[in-house]
Amino acid sequence: MTDKKYIVALDQGTTSSRAVILDHDANIVSVSQREFKQIYPQAGWVEHDPMELYATQSAVLTEILAKESIRSDQIAAIGITNQRETTIVWNRETGIPVYNAIVWQCRRTASICDALKEQPGLEDYIRENTGLVLDPYFSGTKIKWILDNVEGAREDAEAGKLMFGTVDTWLVWKMTQRHVHVTDYTNASRTMLFNINTLKWDEKLLKILGIPLSMMAEVKSSSEVYGQTNIGGVGGTRIPIAGIAGDQQAALYGHMCVEKGQAKNTYGTGCFLLMNTGKEKVTSSNGLLTTLACGPKGEASYALEGAVFMGGASIQWLRDEMKLLADAKDSEYFATKVDSSNGVYVVPAFTGLGAPYWDPYARGTIVGLTRGVNSNHIIRATLESIAYQTRDVLDAMQADSGIKLSALRVDGGAVANNFLMQFQSDVLDTTVQRPAVSEVTALGAAYLAGLAVGYWESLEELAGKAVIEQTFEPHADPVKRKQRYRGWKRAVKCTQAWAEMHDEDFE
């Protein structure tokens, strides 16, 4: 055990940058957060300014240490967790990005993916070697788009002048004064360029997409010292950066789901269900991803993942675009003012459908509207859609793995909504466990960093600190459960291939 007092987790998310300080008992001492701008150049396109990502992340770190009067020599290590797949390409010499960060939600490369699907055997090769599906969601086609569309980028890349990184790589490179170009297995596994069998960059895929190997970062485990940073505050001590994991894998680790068959769902902007499958690579036949997660010591292990693109973002849509809510937190109050959704289903496929459908051309739909439907029914149906989408993924996961979950661990902003959690339990017919500490993603990053530097000796030491705040048990009528879910499946069919079939109608 070290005599340092604190661990810091940096959580660079889709809408905000956060810093979380933990003490040796894994208690949260303080949290600091700054939001940043979402950029929408065209319909279906989503970008961030990479310099703003770094500026907000470094600002919250400096801010939180100053606020708590904590010196850098009191920090044992920093762990980083980040929005995954989001793609940044920058100049190795100047450090300036050649284009905005293309965000995981961005669908601009759908046509590139369609063209690649014409290559015989390529989809199967990608599935077998990266564990992913050929979809705009992942980094590979985003890098290709930048190299193909930014003037001079392809030439500079071929000359070895450009670097690629997911957000973790960009932050570490900046925080170490441009000395360390590194990523971890969990983030690498989300690029569609990393071979999860050999644990190396896949040179065949790099060649197909026209991406030079020189752009790619060194790939390491999720729990080791990658470099040092002097950003943070007074004390004069450089702080080790000792943990990196993509946000969903960090949450899985924060829940201590490190053994085969343990699973969690994170309800954030999107919803992400992960099940650890240990050393066994399970290839999905139900539209799920095979990805890399963290074993007990931060080493690479395998997991199944299902991604729902619109989770909490659908509630933001009710608030910001539909003006049905003043505050997202009010959704529970209005949803419980009615006894049911009155036959209404909302399918929030605003940017396509993720697992298990993988339809980039699906678009959002409200079905079952009658004269008796009011705003409360639509709010309730939107909340219910989050639970139904989770059921879609969990059914596929259990079919692939052969494991029936006894309980689902949950985290993320929406888990504070008791209506949603109870409905989730009812829809799944499974126990839902909500932990006392909501910052599970930050916990995972902190645990990985702390274990790397000896701040904590083992996961067993941490296990006693985990507390379940509330357990939700299913109590829905089995016949009604089946009927409701059948209605959901019919509603999903109404959304599929909409943009592909109807785009010309809007020209």
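For all residues, glycine too, the Cβ spot is worked out from N, Cα and C.
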Co-listed glycerol-binding residue [Swiss-Prot; alongside R84, E85, D247, Q248] among Y40, Y54, Y125, Y137:
Y137
Need one residue: from T14, T15, T336, T365, the one Swiss-Prot lists with R84, E85, Y137, D247 for sn-glycerol 3-phosphate.
T14
Using Cβ-Cβ distances, find the residues under 8 Å from S16 (ATP binding site) that belong to the same chain and are at least 6 apart in sequence, listing them in sequence order.
Q33, R34, E35, F36, T56
What count of other C-beta atoms do you get within 10 angstroms of the C-beta of R84 (sn-glycerol 3-phosphate binding site), across all chains shown?
27
Around G413 (ATP binding site), how many other CB atoms lie within 10 A of its CB?
16
Based on Cα coordinates, which of the following binding-site residues are within 10 Å of T14 (ATP binding site): R84, E85, Y137, Q248, N417?
R84
Within 8 Å of the Cβ centre of R84, E85, Y137, D247, Q248, which other residues of the chain have their Cβ, at the recorded glycerol site?
Q83, T86, W104, R190, G246, F272, A307
Calculate the distance in Å between the alpha carbons (Cα) of R18 (ADP binding site) and R84 (sn-glycerol 3-phosphate binding site), and round it to a whole number.
15
Far apart in sequence but close in space: which same-chain residues, 6 or more away, have a Cβ under 8 Å from D247 (sn-glycerol 3-phosphate binding site)?
D11, G13, T81, N82, Q83, R84, T266, G268, F272, T441
